[in-house]
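Reviewing the structure listed below.
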């Protein structure tokens, strides 16, 4: 191809250049290219406008084309060079039309194909001149980003519901639910707000850069399955120089604690639930409908047998050295709404994807997409990673050595954010048939029969009340004997501090006891003082109790995870002057009060607002307890000019110590 900035000059006329240039006014040339950004942002869903101003009005003999190029060596055969023509001359797969013509300015409508490559295209306007082309110079201001399109019926991510499109594509604020799940509360007891900020400056380029770093072929970037799987692998840095390094060690000296982030932007620009939050930003930024979900009591099946095996020593203590499976208090992943042309009909819609580095899939730490319907129906032969997700929500819990099986312990509840509020939406029934449902045909995996001795004596664990951080724990072990004769049990109670992933951080105590259970009920009271567990907590606030017992040739086991309740941290925001208004600068006054009866050290305040302000941080060396002296810590936060109406949720403020 000729150089884009030059008009081809036939060799026979090179001696008469002055004559040629004197008649250039008769030739068509481009004066200006306007990408109509404001109009396109508000209106276009499948077509975008480009306004081209020439040196004169178009004439019938004029011939020009738009060229869109992506990658280092663009090629029409690979879809990375797209030519759009506006006459009878054939062009590429994208369609174009002249929408309006006023004097020397024409407005062009461009419609990419539904399977177009996703990414940043360079734009040229080329004018046919004899046997050559006159092209505009490279101008980054005319680059165009092509994304997946949930408004296009032929796109693989088409989402028919407008309210869902607004939530799962356009909403730049998300919620992920955390903590422990108690059936009596009927909903999660804690949630974490996260700014997704997919529209912030630099985020789209950062997401495209992730695909570039992965060395994903340009021509594969229109394939929704390949893009999602590559994104799932690249959000974690376990094996491919990705974005986030998984760290569950409680030592964040080489980075930042996961709880210190208020949003995904700083993570993406700097290069579990952090993985889910960042992945959700990545997906929505590329136009893919996505949401985060939380599975409470989530299993990690390490060997693919669809069982969660906890190995115990002969005396009943957990055998941490040989136990490979684990049970997370909660686990966050993502769902995407896509068409699955690679699966049988009926398995499209919401698909599970997970960027947390747990197990490898086709050689990389990633998971999905897997059809949520396939997981519920037990169709585990379909790609990708259906068995792993099935075990996360439906796997059977087994304790080995002292053999015991519980089929309803895993996957207590699955929640996602509601469409119109921060309240949780229970979607557990989308993943599994709930207890008592007559549908059992999918339970070939769940309802396998085992050679199990009938258990006649069971017991459960109950904390006396909700326990606040810093309080003693009174634990009551209840034994229920369903037989007609008393039973004597040799039992062991093991107490530990655990990470939310179920991995033991510190062992606290063992309590061996023998108890005779009459034909109705008996109990054992155990006290765990705050002085016993506080030195071992670190950033973890979960206590794990497991009771194992042996009676003749029968075994019984009970597990309880207790999340210590942190008192509410009071954060207030008030304007120093006036009311908040669009296009006006303002200050916010943030105060923090230490509610504990002990001083906090190295306290950090982080504040961020979608479209309002970038992340701002403040450090307090100490936050003294209110029982000693004045304890209010005040920060004045400057908020720059806000150009569009925005809301600033109160929980965008994070105070960490």
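Each residue, glycine too, has its Cβ placed from N, Cα and C.
According to TrEMBL, the active site annotation covers 272 (among others).
If you look up TrEMBL, you'll see 331 (among others) marked as active site. The Cβ of residue 331 (active site) has 26 other Cβ atoms within 10 Å, all protein chains considered.
In sequence order, 232, 275, 276, 333, 334, 366, 367, 368, 389 are the residues of the chain that are 6 or more apart from residue 354 (active site) and have a CB within less than 8 Å of its CB. Positions annotated as active site by TrEMBL: 354 (among others).
Marked as domain 'Transglutaminase-like' by TrEMBL: 264-357. Residues belonging to the domain 'Transglutaminase-like' (264-357) score a mean pLDDT of 84 in the model.
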